[in-house]
Amino acid sequence: MRATQGALIVASTLQIVLGFSGLWRNVARFLSPLSVVPLVSLVGFGLYEFGFPGVAKCVEIGLPQLILIVFVSQYVPHVIKSGRNVFDRFAVLFSVVIVWIYAHLLTVGGAYNGTAPKTQTSCRTDRSGLIDAAPWIRVPYPFQWGAPSFDAGEAFAMMMASFVALVESTGAFISVSRYASATPMPPSILSRGIGWQGVAILVSGLFGTANGSSVSVENAGLLALTRVGSRRVVQISAGFMIFFSILGKFGAVFASIPAPIIAGLYCLFFAYVGAGGLSFLQFCNLNSFRTKFILGFSVFMGLSVPQYFNEYTAINGYGPVHTGARWFNDIVNVPFSSEAFVAGCLAYFLDNTLHRKDSGIRKDRGKHWWDKFRSFKGDSRSEEFYSLPFNLNKYFPSV
């Protein structure tokens with residue numbers, strides 16, 4: 001844990017420097033709708049292994065959740081027209097509560113008594129005395145596992161994982177702005193967001209969470225489902241998360257929700273995020289063979305390369321790159337195991353090098369649609385969508 005803390009603290013500097021210095025802004029300026037499609041699409045679709053495979057771990061709970069969330073969010077609003085968007089906005093709450101109660105009734109009714117341990121872990125709502133073992137109040141504090149230790153190898157490996165998260169988060173940021181009906185995100189805003197994400201990783205390292213922070217793809221999908229993009233909602237939700245993390249009993253109650261219920265939600269959330277990436281195709285010329293090549297090749301390789309790396313690791317217990325230096329293995333194996341990273345980087349490279357100076361290519365890429373939003377001041381609505389609260393723009397200006 002101490003080594004993980006130290007690695008997270010060091011890795012956070014990568015995103016902080018790239019974000020707040022504006023270096024990532026210079027990278028983002030070369031993004032186009034064409035190169036964004038594979039990146040954003042596979043940020044969502046690339047997580048397919050967490051969807052129905054998770055539902056199938058307890059199909060009698062996961063499948064009703066999947067069917068119910070689709071029915072309540074997509075069909076009921078057109079049958080019962082309340083005028084207040086109640087069912088599509090609260091579809092997650094309604095469906096989870098119903099299926100959670102159903103799962104609890106199965107548990108107390110003895111449906112899983114004597115079943116295999118894996119089945120009990122996936123299906124039961126009273127797993128391992130989770131609620132009884134949780135403390136009523138526990139306030140986290142920095143360095144709770146002791147002073148962090150720093151190892152160069154682990155730090156480099158964590159920095160590569162941080163860079164992969166940076167690329168994936170870029171796609172998730174773009175998806176969120178799309179579903180929030182905001183203007184295309186100026187590169188300076190995207191870079192600033194990466195910087196703040198680095199600060200979150202630093203806090204994670206200081207408090208010993210054992211994992212870093214990145215943009216929640218689930219929340220991006222939830223935004224698409226509910227169509228609620230209010231900052232106030234996010235701030236209140238953050239307050240609830242802090243509240244439940246301190247009051248352990250309450251947090252344990254929510255942690256008792258069977259994983260297949262969450263997997264059922266993932267099927268919808270990740271699909272929305274992937275579809276958000278596909279929506280950028282409207283800005284591209286799909287009659288161009290250059291466009292078709294970049295899209296097809298980057299998406300295919302984005303699925304194929306990680307499949308090889310993940311399959312190799314599952315069979316052999318280690319990745320294709322297997323040397324005596326574990327940190328070097330992680331630096332190579334980790335990025336090529338991410339669908340969004342492979343597809344996004346490949347599309348970005350091809351889009352900016354392949355016949356770029358030919359006449360008409362700029363319109364084929366859809367780049368001209370984003371010209372107005374290259375600068376924060378290029379559109380008057382940027383202030384409304386992307387200004388920081390509490391007058392923080394004064395200290396973190398966007399250009």
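Just so it is clear, glycine is given a Cβ too, placed from its N, Cα and C backbone atoms.
Keep in mind it's a predicted model, so treat the numbers as computed, not measured.
Listed in TrEMBL:
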TRANSMEM  6-24  transmembrane segment
TRANSMEM  36-55  transmembrane segment
TRANSMEM  92-112  transmembrane segment
TRANSMEM  155-176  transmembrane segment
TRANSMEM  233-255  transmembrane segment
TRANSMEM  261-281  transmembrane segment
TRANSMEM  293-310  transmembrane segment
TRANSMEM  330-350  transmembrane segment
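Spatially, the transmembrane segment (293-310) is adjacent to the transmembrane segment (36-55); three or more Cβ-Cβ distances between them are under 8 Å for residues at least 6 apart in sequence. Residues 6-8, 10-12, 14-15, 18, 24, 28, 36, 39-40, 42-44, 185, 190, 193-194, 197-198, 201, 212, 214-217, 219-220, 223-224, 229, 273, 276-277, 326-327, 330-331, 334-335, 338, 340-341, 344-345 of the same chain sit 6 or more residues outside the transmembrane segment (155-176) yet have a Cβ under 8 Å from a Cβ within it. Outside the transmembrane segment (233-255), and at least 6 residues removed from its termini, the chain residues within Cβ reach (under 8 Å) are 130-131, 133-140. A Cβ distance under 8 Å defines the sequence-distant neighbours of the transmembrane segment (330-350), meaning residues of its chain 6+ beyond its ends; these are 30-31, 34-35, 37-39, 41-43, 45-46, 156-157, 160-161, 163-164, 167-168, 170-171, 293-295, 297-299, 301-303, 305-306, 309-310, 313, 319-321.
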